[in-house]
């Protein structure tokens, strides 16, 4: 008589390959690609569940009786069952680690989704309409002038000072004052010899203005002194403006205005003046944003305001006052 009966239960050969394949797939994906396709993960987990089910059924088979005529499966020894249980427990442990890892590193569902192939896709947030703040432009204002020119003196008193008082604090004007006018400078070795339209005294005051501008650089520092010097008829009178505005710089400015440095600075202003297109034919020559503006001679504030975009409230108030 046969010792064992035929059975329809799965063979133990099915358990180990399924468990091994599923475990290795999960372990590899866990180490290499945490964002593997969800479809692939689903297939792997289904195979793992089938393997666990098959092994469970195999371990719970009843011992076959000795009356079987066509034995197929041997009696399962306790040692064999223990080995298969190790496979099951190991697989469950790996699966638990994987699920814990995925739960801790899952992407933000509010910003991600699953594409057709099962991979993560990132949604681009739809931003509402944005209102762009207008960019405030800087107005470049260049004034080409000379110290004893009556038209320049009038422009300084009536237009430049007023415009700077109203708009200078806005930090939207790039002001450059170039004292030279219709002078001429000739290079003599390491020095220059200059002739000015209104005589040698004008050259000295022009040189003093250039020294002050070169020394302080910023309009809010040099402009009070230059406004004071404009129209003076002697260097000594112009130096009083240095005493009033820059008392600690008196000796330095006097030496600069009467020496080689002052003449060199005047010659540099002459180069800037000579580069203008078209060439100057009137002093003061006013340039706003690279273009000569003759109307600015009569209302500098209005013309600078019209060049400012957007127009500040100080300009709006000034323009209303003209009506």
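Quick reminder: no glycine exception, Cβ is built from N, Cα and C everywhere.
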Problem set entry | Which candidate, of 35, 40, Swiss-Prot gives the annotation N-linked glycosylation site | 35
Seminar exercise, completed: Note: in the chain of residue 289 (N-linked glycosylation site), residues six or more apart in sequence with C-beta under 8 angstroms of its C-beta are 139, 140, 307
